[in-house]
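Working notes, structure below.
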Amino acid sequence: MLEYQKDKEEIIREFGTSWKGHSEEQAKEARKKYGSNELVELKKKTVVQIFLEQFKDFLVIILIISAIIAAFLGDLESSIVIGVVITMNAILGTVQQKKAEKSLNSLKQLAAPIAKVIRNGETVLLPSKEVVVGDIVMLEAGDYICADGRILDNASMKVNESALTGESISVEKEDITVEKEVPLGDQKNMVFQGSYVTYGRATFLVTRVGMMTEVGKIANLLNNATEKKTPLQKNLDDFGKKLSILILIICAIVFGISMFRGEAVVDAFLFAVALAVAAIPEALSSIVTIVLAFGTQKMAKEHAIVRKLQAVEGLGSVSVICSDKTGTLTQNKMTVMNYYVNNNDYNKDILDNGRLVEKLDNKLILYSVLCNDSTNKGGVEIGDPTEVALCNFAKTFRMDITKTRETYTRVAEIPFDSDRKLMSTVNMISSEKRMITKGAVDVLLDRLNYIETEAGVVNITSADKQRIQLANLQYSEDGLRVLAIAYKTLDNASVSLDDENDLIFLGLIAMMDPPREESKEAVRKCIEAGIRPIMITGDHKITAAAIAKEIGILTEGTIAVEGSAIDELDDEELKTFVEQVSVYARVSPEHKIRIVKAWQDKGNVVAMTGDGVNDAPALKQADVGVAMGITGTEVSKDAAAMVLTDDNFATIVKAVENGRNVYLNIKKAIKFLLSGNMAAIWAVMYASIMALPVPFAPVHLLFINLLTDSLPAIALGLDPHTDLVMKDKPRRANESILTKNFLIDILEEGFVIACMTMTAYYFGYQVDAATASTMAFATLCLSRLVHGFNCKSDRAILFSKRIVDNKFLWGAFGLGFLLINGVLLIPGLASVFKVTALTVTQLLLIYGLSLVNLFIIQLIKWIKN
Ligand code: ATP
């Protein structure tokens with residue numbers, strides 16, 4: 001017999017557990033016996049593999065071939081030096097890649113999925129991979145199912161099994177035994193790893209984990225997903241390719257000229273290749289990865305976990321942030337302030353006496369605790385803050401909640417969902433099956449036929465409804481969140497959505513959820529940074545508007561609307577409409593998608609928050625989907641590009657600031673690399689045209705490009721962040737990093753460095769060609785190291801603190817300085833690196849010219865600004 005054909009008790013016995021779940025000891029044994037809940041991942045690359053991959057680059061291969069040819073032709077020294085330089089470059093590349101990988105992996109750990117497991121009768125939250133066979137796992141809407149298993153207890157659960165069956169419509173689950181042998185899709189009492197709960201709740205017994213699960217069997221298919229390149233990386237790859245072609249043409253010309261002048265073919269070829277290596281910025285894409293990876297580490301410390309590297313870039317250009325209200329802009333700590341029964345309003349001051357005024361009060365509070373899933377375990381409040389607030393309220397009247405719930409047992413339920421905005425339970429009260437429904441006032445009002453007052457249950461009149469609406473309006477205007485409570489008696493214990501009608505109104509409960517202290521400042525910062533903050537909430541329009549006004553989102557000239565207001569608009573009309581709306585209330589997930597799309601169609605980059613299972617499509621649609629780490633469902637986290645560990649709006653704004661800084665730093669690194677390469681090209685072209693001896697030996701160019709250059713580039717990528725980035729408008733979504741001004745700067749700064757280099761060359765040339773080459777090489781190398789400081793800013797910073805604030809840059813400079821001086825001064829290295837001994841004056845001249853380069857470029861920046 002198969003698992004789904006067995007009866008619950010039988011299967012619990014078979015897996016050696018009980019309704020209270022495993023003890024820790026049993027869990028350990030189960031892990032030993034059945035293995036752990038992990039899908040075997042494709043083997044990670046070893047360090048050696050990563051190291052070898054560094055040699056896969058087209059130019060490096062040509063270089064190796066050239067070195068081999070040189071060795072054959074007797075120039076063993078050159079080939080050894082090339083070998084050493086390439087190897088050191090590969091080591092550097094491997095270390096960087098490993099570091100980036102490590103930081104990305106630690107992020108993955110932070111974002112690992114969680115399961116609610118019953119162990120020893122207690123509910124514990126465990127990383128999904130620690131779940132073992134025989135565990136009892138609780139599921140609710142928005143949870144990913146962490147293993148395969150048999151449902152023990154089911155409350156209207158619906159599951160999306162599309163990952164397994166391809167069927168995107170949710171299937172209803174049951175907890176009864178299936179008699180016949182049936183295919184997977186019909187195993188109604190089973191759940192499967194990789195599917196997720198779209199509705200309702202259930203508990204299930206884990207029967208298979210890891211590679212034994214249905215998904216595990218097809219896991220090899222899933223393993224093939226590779227990390228995609230970010231738009232910036234693609235943009236740079238594309239640019240790199242075009243640039244390479246241009247450079248190769250230049251190299252071919254230089255090669256031709258050398259041949260024409262009668263140089264040996266091998267020498268001319270080696271030089272042309274070295275020039276290509278020096279000029280083609282093949283490290284760009286990997287530097288971007290490294291800087292992005294380090295950026296994500298900083299963001300994780302600041303409560304934003306980036307799940308997709310693209311998000312960092314996206315964040316840098318975000319121009320609209322659509323945020324939930326409850327918990328993101330507000331504290332999600334609710335306190336009941338008022339309630340309404342028997343056509344009267346009672347406020348907190350009266351309640352503070354700890355005394356109930358009306359006899360119906362008791363009933364209202366009792367029902368609010370019964371139609372409620374929140375609990376308190378050892379002082380820790382668990383559950384929806386709205387429901388926690390109701391329990392806390394009941395406690396001020398000394399109600400024992402556990403006892404109350406035991407007395408009036410729950411026999412059925414329809415869980416809350418944010419589309420319906422209602423929740424119902426059926427409890428046994430005075431041997432009657434009492435259905436209690438609580439939810440949004442506007443939704444419930446249409447479903448009322450009766451009202452209970454002191455006079456008893458009577459038909460509800462339109463005057464009653466008006467009074468209720470007025471009370472609702474008054475509470476909402478104070479920014480309170482209002483719930484209505486109603487009930488009716490049922491004939492049987494089962495309950496369906498159709499039963500949520502023909503109800504008896506009991507009362508309203510209004511609670512306060514104050515804005516987070518930092519929300520106001522974060523909104524101000526957003527607006528200053530040219531970013532439009534928008535509130536999108538499931539709550540009531542007036543409540544939402546009151547809060548939005550308080551924190552500065554709803555401003556003069558903008559309006560609050562209900563989600564239904566956009567139903568009548570077509571996509572074109574919506575595009576103009578969204579401009580004026582700052583608050584959307586009572587929205588459904590479909591509205592969210594339309595709002596994101598409308599803003600995107602207007603050329604904006606949109607960040608959007610979401611927490612529910614239905615928010616996943618909107619999160620995917622947004623350029624930066626943001627999920628809530630604390631209150632968000634696993635499904636929303638999975639769909640999001642970023643997860644907030646503190647659910648805080650201010651964290652999104654901080655992440656945008658980080659995104660902008662990371663982008664800026666990448667730009668600095670790119671400018672550094674390209675302008676330095678440009679300098680080498682200018683110098684070589686000049687020498688070629690003027691028929692001078694070539695200013696650099698191949699090994700010089702390799703030394704600079706593969707060794708002393710990459711560290712300052714990374715250091716610039718780690719340049720200290722500044723909040724000045726939030727004073728600018730967001731960059732346009734499709735704006736290339738390589739704007740006209742940026743390219744002009746590169747040509748210009750490269751030109752200045754080349755001038756210094758050729759000046760040194762001319763001084764050396766007074767002595768001989770070898771001295772000229774040595775001086776040109778040393779000046780180019782040092783000038784580029786110094787140039788790192790120029791690349792820190794578009795402004796002149798020579799006399800500001802900014803020149804000293806990057807310790808990595810100083811470190812890179814120090815190391816580069818030692819290396820080049822080592823080459824120049826250690827006698828044994830002279831012939832290896834094709835340099836000659838210099839006099840003190842020549843050496844000082846080199847230092848001086850490198851510094852002059854700093855002053856000139858700073859002066860140009862100063863004049864330009
Ligand atoms: P946001 O979308 O900003 O997070 P929200 O939390 O108010 O806002 P929902 O959780 O979708 O959005 O709630 C929508 C409405 O449903 C609320 O305004 C409230 O009237 C009602 N509601 C919320 N929680 C419950 C609950 N536990 N039981 C019954 N009704 C609820």
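Each residue, glycine too, has its Cβ placed from N, Cα and C.
Those TrEMBL annotations? Automatic predictions, nothing curated.
Residues or ranges marked as domain 'Cation-transporting P-type ATPase N-terminal' in TrEMBL: 2-75. Note on the domain 'Cation-transporting P-type ATPase N-terminal' (2-75): mean pLDDT across this stretch is 82.
Residues 79, 82-83, 86, 90, 266, 269-270, 273-274, 276-277, 280, 282, 702 of the same chain lie 6+ residues outside the transmembrane segment (55-73) yet bring a C-beta within less than 8 angstroms of a C-beta in it. Feature annotation from TrEMBL assigns transmembrane segment to 55-73 (among others).
The transmembrane segment annotation in TrEMBL covers 79-95 (among others).
Residues annotated as transmembrane segment in TrEMBL: 243-262 (among others).
The annotation transmembrane segment is assigned in TrEMBL to 268-294 (among others).
Counting residues 6+ beyond its ends, the transmembrane segment (672-694) has Cβ neighbours under 8 Å at 247, 250, 253-254, 257-258, 261, 271, 275, 278-281, 283-284, 287, 701, 704-705, 709, 712-713, 716, 745-747, 749-751, 753-754, 757-758, 761, 765, 769, 772-773, 776, 780, 783-784, 787-788, 791 in the same chain. Per TrEMBL, the feature transmembrane segment maps to 672-694 (among others).
Annotated transmembrane segment per TrEMBL: 769-787 (among others), in sequence order.
Cβ atoms under 8 Å from those of the transmembrane segment (808-832) belong to residues 77, 80-81, 699, 703, 707-708, 711-712, 714-716, 718-719, 774, 778, 781-782, 785-786, 788-789, 792, 838, 843 of the same chain, restricted to positions at least 6 beyond its ends. Positions annotated as transmembrane segment by TrEMBL: 808-832 (among others).
Positions annotated as transmembrane segment by TrEMBL: 844-863 (among others).
If one looks beyond the transmembrane segment (844-863) by at least 6 residues along the same chain, the residues whose Cβ comes under 8 Å of a Cβ in the stretch are 748-749, 752-753, 756-757, 759-760, 763, 775, 778-779, 782-783, 785-787, 789-790, 793-798, 838. Sequence-distant contacts of the transmembrane segment (79-95) (same chain, at least 6 residues past either end, Cβ-Cβ under 8 Å): 47, 50-51, 54-55, 60, 63-64, 66-68, 70-71, 283, 286, 698-699, 702-703, 706-707, 710-711, 832-833. Under 8 Å from some Cβ of the transmembrane segment (243-262) lie the Cβ atoms of residues 268-269, 271-273, 275-276, 279-281, 681, 684-685, 688, 691, 694, all in the same chain and six or more residues away from its ends.
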